[in-house]
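Record features (Swiss-Prot):
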- ALA57, THR58, VAL59, SER60, HIS65, SER89, GLU110, HIS111, ASP142, GLY143, THR216, GLN221: S-adenosyl-L-homocysteine binding site (BINDING)
- SER60: active site (ACT_SITE)
Amino acid sequence: MAWRSSGSTNSELIDNLRNNRVFASQRAYDAMKSVDRGDFAPRAPYEDAPQRIGYNATVSAPHMHAAALDYLQNHLVAGAKALDVGSGSGYLTVCMAMMVGRNGTVVGIEHMPQLVELSEKNIRKHHSEQLERGNVIIIEGDGRQGFAEKAPYNAIHVGAASKGVPKALTDQLAEGGRMMIPVEQVDGNQVFMQIDKINGKIEQKIVEHVIYVPLTSREEQWNRN
């Protein structure tokens with residue numbers, strides 16, 4: 001039903017996502033309602049489809065953002081720390097920050113310096129206080145390595161498909177924490193995986209099939225056709 005969720009405004013888009021049962025969390029709904037996708041996607045921001053933002057990067061479709069926030073809702077709580085790998089436009093980073101509140105921190109890590117600059121510009125349009133308070137921190141770096149300086153994280157979101165689950169990211173997951181990551185399987189298909197750390201052990205669960213751009217090095221992304 002996600003493909004029927006497009007709207008003419010941000011509010012209509014998010015209402016359609018909920019009406020089509022793409023997500024159930026009231027907190028995720030409130031977060032997405034409060035962050036206008038139009039600030040982050042230059043073309044057709046309220047269409048339920050991925051949008052190109054330059055530098056061979058995309059902002060994921062709204063239904064995937066809704067699903068990710070839904071799966072992470074019990075870990076994106078007041079005061080929590082979260083990591084958004086491949087933060088791109090900054091959209092989901094801000095949504096996550098809305099859910100962890102004033103005392104929480106969300107680190108967005110992005111390896112394209114132009115997108116780091118773009119995301120901060122996007123955030124300052126209507127959510128500059130998130131940057132000023134330190135609720136949102138945008139870092140230039142290789143997201144596959146996470147950001148150990150602020151670890152451990154209660155929630156980790158990865159916005160591109162990895163060939164396997166990076167150990168650096170599971171190492172930075174807090175006890176009781178959860179990571180949502182698209183993973184490319186040996187047959188080339190991709191699955192959205194829920195990774196939980198319970199009693200120091202990693203538990204993995206496939207929740208749905210997905211299509212994402214690959215999680216690569218900066219050089220590979222530059223050269224991708």
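Here, residue 1 is simply the first one shown, and the rest follow in order.
Keep in mind that glycine also has a Cβ here, set from the backbone N, Cα and C atoms.
Features per Swiss-Prot, on structure.
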| residue | record | CB count, 10 Å |
| --- | --- | --- |
| ALA57 | S-adenosyl-L-homocysteine binding site | 22 |
| VAL59 | S-adenosyl-L-homocysteine binding site | 23 |
| SER60 | active site | 24 |
| HIS65 | S-adenosyl-L-homocysteine binding site | 25 |
| GLU110 | S-adenosyl-L-homocysteine binding site | 29 |
| ASP142 | S-adenosyl-L-homocysteine binding site | 17 |
| THR216 | S-adenosyl-L-homocysteine binding site | 20 |
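A Cα-Cα distance of 19 Å separates ASP142 (S-adenosyl-L-homocysteine binding site) from SER60 (active site).
Cα separation, GLU110 (S-adenosyl-L-homocysteine binding site) to the residue listed as 'active site', rounded: 15 Å. Here the residue listed as 'active site' is positioned 16 angstrom away from THR216 (S-adenosyl-L-homocysteine binding site), judged by their C-alpha atoms.
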